[in-house]
Amino acid sequence: MKIIVLEKQVPDSTEISVDKKTGTLIREGVPSITNPDDMAGLEAALQIKDKNPDTEITVMTMGIPKAKGMLEEGIARGADKGVLITDRAFAGADTCATSRTLADAINKVGYDIVFAGRQAIDGDTAQVGPQTAERLGVPQVTYVDEILDVKEDQITVKKSLEDVEQVVTVKLPCLLTFLSDSVYKPRYMNCNDIVDLQKEDKVQVLTNGDLNMDPSLIGLAGSPTSVKRTFTKDVSDKTETFTLSEQETADMIAKTLKEKQIITK
Amino acid sequence: MAKFEEYKDIYVFVEQENGNIAEVGYELISEARKLVATIPAMGYKVVGVLLGNGIKDKAQEVIAHGADKVIVVDDELLKDYSTQFYADALTQLINKYKPDSFLTGATPLGRDLAPRVAARINAGLTADATKIEVDQEEAANGVALLDVTRPTFGGNLFGTIVCKNTRPQMATIRPKVFELAPVDESRTGEVEEFKPTWTTTEPEVFVEKVIEKVKGDVDITKADILVGAGRGAEGCLDLVQQVADELGGVVCCSRAVVEDGYMDKDRQVGQTGKTVRPSLYLACGISGAVQHCAGMDKSDMIISINRDPQAEIFSISNMGFVGDVNKVLPLLVESIKAAKSE
Amino acid sequence: MDFNLTEQQKMMQKLFREVAQNEVKDNAADVDEQERFPKENVEVMRQAKMLGIPFPREYGGAGADYLSYILAVEEISKVCATTGTVLSAHTSLGTWPIAKFGTPEQKEKYLPDLTTGKKIAAFGLTEPNAGTDAAGQQTTAVFDGENYILNGTKIFITNAGEADVYIIFAMTDKSKGNHGISAFIVEKGWEGFTFGLHEKKLGIRGSATRELIFNNVKIPKENLLGQEGKGFKIAMMTLDGGRIGIAAQAVGIAQGAIDEAVVYVKQRKQFGRPIARFQNTQFQLATMQTKVDAARLMVYRAAMAKENGESHTVLAAEAKLIASETAMEVTTKAIQLLGGYGYTRDMPVERMFRDAKITEIYEGTSEVQRMVISGSMLR
């Protein structure tokens, strides 16, 4: 079975802060990580491979050349190879254009199942998974929490919705999107696979020279959405901060809540 | 931009399950009403789109919430949600009616469906938006271009996204962001049925079983009073619960508290948790990381208690108190009891 | 001369750091408090294939270099010196001698289980009357024509009881002194092999430190490691490598203490501002970090020399000497920066301070290191 795991390199959003003077994001020194939802997808694939060693796992990303390091980390976790889609022509792509490029590369590599993260922590769109499925013309199952059964021509998974969980079976080929708070806690890299990485280059690089896509369908030109402006949040000025004794604090809160009729008799 | 002449009106996908309409659909209709009111010259309508089976009688309810027109797609294949049939039906509907913009709630269903449809018709789709405006300069030229604003980078940065060259302009909108307009049962509107042509009726995905989640018994998004616990309150969560009990509220928390294993994920407020909008948000020992504030800063009133006078939470609070929650909360329980009996 | 880690070493370091910070750190205080062997940490290191880093792939190891192993001990020891001890004793004391001196049959039999972490290894040299003077071995192994019969007691043995495979040194010919010592591979569970007292220690309290008691233990002759009479040389060569591991542990402990202190001084406010703003704090930290970096370079240099097959006895001794003394100094200063809080068990620097002391003692005291270094100078 051939599984392609889609990954995205993202800045660690927990480390991002806003420069209060300029109102811009401080991105300097913020480490890049593999998007957490994608890591769940990789772990799910690796667990299939644990049971069935014939499984071939390809980690794939579209990004800057430096994203190769992320793919290598995926290989050091147990994936077989990587595909890095990188070209200036792909830059500035929104989800609509990104999914076109990914689908093209996925078709080129060949697959039985595509695993993706539900959403990336930088863009938070959750659109690339379903849109790639649409481009591939295969069914999707989003919000996958656990894979229950894998057969040659179908897969059964548990998906997690707000109030319910569904057990669904889908025919292959298909695309699944995973949640980082699923049962799939990513395993660590391991020393053996790190050593093996130095023996041969396991990451294939695809440029648009290889994919040969119509320039009007990729990158900025192929993106129907565009960013008009970005801004950081302005802080409200309605605030009043008190430093009182603990008893005074408690009394003042209770009094306020009574006035606002939140505390009633 | 004559090429968009045939595209008109703001369409809203009205999500329903077993005939129960999700509130977000009405929130979007309420907001769409406000949007069309800013461009009276264009004569735009608010159109509700209702997919399901045996749901025709719900159309009037959608109108009462503010729709001018409802397009109903009533079909057995649409009884339960499936990406496949809903996407097929919606794509055909959009191709036929040519909405200028198409809004969907950013619910699990909406975020499964909208991208699939957008990719099929190569329309621009903005995800998980929290604000929509009509660009008035463009409107003067007869183009109803939507400025759709959404948080990114964990709520640290906001981006305003536009779709200049494609139609419809699609967006998914976060629930609980827009206010519901009052219901007007006497409103009248047009109801039209649309019959999709099925290329296949063979489902690709089979739902074998539906299991009710046991943990999700409390819905913090529906609570009117929330008492939020942060890392600073991890040592006194019982007191946080007592305060909530006294106020008739519900306990929620920051991401740190979930990560430290003290509460379940469904209690988490913030960018990676839930967006809440209670009448009162009492923040106990919450430092106020941007990612948390993004989920609660629209609360009607925010009162916070934190040991650190520099805590970010104070900057978005109506009232902030510098103090140790471990010491304040026991007294607060008593003060609330006293206030009740006064 | 290249002071940069290779890409492979950087990736290894990232892995070790993730394992240390995400897994090992959380239970370090508990391991110390309960004086319990950190089984869960051994398991996560096993999964990350960290228990056979410098050994050949054909025997189940990662096939990486010695410096990669040193980086592992350093990163783990930053957060839990106990776990660093387990890793170090298993790798450089217990497993390495088999990889270096073992017969093909011995390697085949023992290495795969050890390098994959299915089994843990230990090293038994020290005796009640043979510490720094390791030649004074009183444990005996008498050949009866088929087996060696082992009798005696070893003390202060790291991983004792937890390990499955032990490298044991014993006199096979008392008349020859140093040259009468031989090394053996002894398995847990053999008749007559039991474990004695658990030592109650100041630091690395989760590391199992026990007596090994041998009462007529039959060692099959094929478990003689190297030649008869070469035991002392095997022990010393093993310790040359082991010392680099302890030096890395010391660097790790010291860096861990600095990392904790840096976080603390930015938060702690006195006289209306964070104590990080006071020049005393800044200068203390600068001195601490400089000393740790100096020690680290010496540790890496010794590891590189070992990797390259160069003489490293003196380099290892120097590295261990400076690193362990730096660890004592830096952890002491870290506690001072944290003041009263630093003296409590709520803060990890208290544990780090206690853990640091052992690095001046085991695998050769600082005095032994000075003997080795000066010996090479005054030859």
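Glycine is no exception: its Cβ is also placed from the backbone N, Cα and C atoms.
Marked as FAD binding site by TrEMBL: B:Arg231, B:254-255, B:268-272, B:285-292, B:Asn306. Residues annotated as domain 'Electron transfer flavoprotein alpha/beta-subunit N-terminal' in TrEMBL: B:10-210.
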- Highest CB neighbour count within 10 A among the binding-site residues B:Arg231, B:Gln268, B:Ala289, B:His292? B:His292
- Tell me whether B:Ile286 (FAD binding site) sits in a helix, a strand or coil according to DSSP. coil
- Message: When DSSP is mapped onto helix/strand/coil, what comes out for B:Arg231 (FAD binding site)?
- Response: helix
- Report the same-chain neighbours of B:Ile286 (FAD binding site): residues 6+ apart in sequence with Cβ closer than 8 Å to its Cβ, ordered by sequence. B:Gly228, B:Ala229, B:Gly230, B:Arg231, B:Gly232, B:Ala233, B:Ser254, B:His292, B:Ser304, B:Asn306, B:Ala311, B:Ile313
- Across the domain 'Electron transfer flavoprotein alpha/beta-subunit N-terminal' (B:10-210) the predicted model averages a pLDDT of 94
